[in-house]
């Protein structure tokens, strides 16, 4: 990974239907909170195929695209927005590789996943995609700015 930029950012994270069904929501949130990230948006929803097609539009020409949209609409998803210094990079590191077989122990996918098509969690891959995904999944009034009193113990 490149050096951290030291910039405060926001990122989009979605716990996929397999993560919800396997009761991993609390464990995943706990990991991000213990890292010192700040939760600013959270909702449980049944994502529509239209929302998912827009979310995964960059993958529309891939052979697995329709299966991915169908899978992501097969059950509830937990959509979240996390904030913190270099949060996009930090969350991606904590999640692990897309293919769980390549994910290190201690990462979310390394600890909880076996198969690439059921890899529990999505995290934005760049600051720009985070902006796009946050605006796709959340209205501005659904995001909360609040003072984290532990922040000075973390940064």
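Any Cβ shown, glycine's included, is placed from N, Cα and C.
In TrEMBL, annotation is done automatically, which means it is predicted and not curated.
Database features (TrEMBL):
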ACT_SITE  122  active site, pros-phosphohistidine intermediate
BINDING   16, 64, 92, 98, 109, 119  ATP binding site
DOMAIN    8-145  domain 'Nucleoside diphosphate kinase-like'
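Location within the structure of each feature annotated in TrEMBL.
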residue: 16; record: ATP binding site; DSSP (3 states): coil
residue: 64; record: ATP binding site; DSSP (3 states): coil
residue: 92; record: ATP binding site; DSSP (3 states): helix
residue: 98; record: ATP binding site; DSSP (3 states): coil
residue: 109; record: ATP binding site; DSSP (3 states): helix
residue: 119; record: ATP binding site; DSSP (3 states): coil
For ATP: widest Cα to Cα gap among 16, 64, 92, 98, 109, 119 in Å: 22
Residue 16 (ATP binding site): tally of other CB atoms within 10 A of its CB: 24
Same chain, 6+ residues apart, C-beta under 8 Å of the C-beta of residue 109 (ATP binding site), given in sequence order: 95, 96, 97, 98, 100, 103, 119, 120, 121
Spatial neighbours of residue 122 (active site, pros-phosphohistidine intermediate), counting only the binding-site residues 16, 64, 92 and Cα distances within 10 Å: 16, 92
For the domain 'Nucleoside diphosphate kinase-like' (8-145), the mean pLDDT of the predicted model: 97
The domain 'Nucleoside diphosphate kinase-like' (8-145), counted residue by residue under DSSP: helix, strand, coil: 65 helix, 30 strand, 43 coil
Close in space, distant in sequence - residue 92 (ATP binding site), Cβ under 8 Å, 6 or more apart: 123, 124, 125
For residue 64 (ATP binding site): intrachain residues, at least 6 apart, with Cβ closer than 8 Å: 117
